[in-house]
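Chemist: Copying in the features that Swiss-Prot gives for the protein in this structure:
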- 47-52: motif 'PP-loop motif' (MOTIF)
- 122, 125, 213: [4Fe-4S] cluster binding site (BINDING)
């Protein structure tokens, strides 16, 4: 076997392994959030980037194996960016045999007119694109709108909102539009960007660069991405832990008055004292006991003595 054949075989093996992992992660996300139901018509939004290509590819694979029946319709919005290769997506989708629609709307000119040179165009561009896609979804009777955001996007968005907007807010895997007319799903919510990138390369998807924002440096998101990548290298498993933490919130242990009713929280005068101590709260306090060099021993075995000797 030649070196070329060996490399090709290794690539196929790696691609199959990645597809299995991505298929499992997408399937888990769909099941966990009930993203796709029997009889759904899923409008798969295809931009021509690695994420949306991977999403379509994995959804088509799952469609063949799923115990339920659902339809997939690919939709691309041609925003009339200069140099956009209009033939690429139709040729790719024709080869796949997937039903698709190519929409044309000159949002590029609107964005260039409204946004000063050098400023980030992403916000306005995505808002215009979202409005068009939401409307078209209703036009074709789509019951779900699938977007290609992955786990890294979700985590980055959370930190962006924390650092720059003062909010604990990310991208939900499943979202009902404000008017209640459209249901948005993110099947790649459990998938890592580096897996998607490698899979896209191995599959040789015909990537279409975004001339409007693909080469535009979004400094804030870029800084957050760099931070997360550094953590991933220096502290393996930290990104996974962050995402797990996002799925395990406890409003009563936070400070958000909108998510938990602290105002009407009262002690029960009739409650029987069981000696229960809020373990999570103990490290936050600095109890003083002059008989123990200024500090009380909070070890569980000494907790009764601690309560007995503590004199505020």
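Quick reminder: no glycine exception, Cβ is built from N, Cα and C everywhere.
Locate each feature and note its surroundings.
Modeler: On the 0 to 100 pLDDT scale, the motif 'PP-loop motif' (47-52) averages 94 in the predicted structure.
In the three-state DSSP reading, residue 125 ([4Fe-4S] cluster binding site) counts as helix.
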Chemist: Please list, for the motif 'PP-loop motif' (47-52), how many residues fall into helix, strand and coil according to DSSP.
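Modeler: Residue counts for the motif 'PP-loop motif' (47-52) by secondary structure: 3 helix, 0 strand, 3 coil.
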Chemist: When a 10 Å sphere is centred on the Cβ of residue 125 ([4Fe-4S] cluster binding site), how many other Cβ atoms does it contain?
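Modeler: Total other Cβ atoms inside 10 Å, all chains included: 21.
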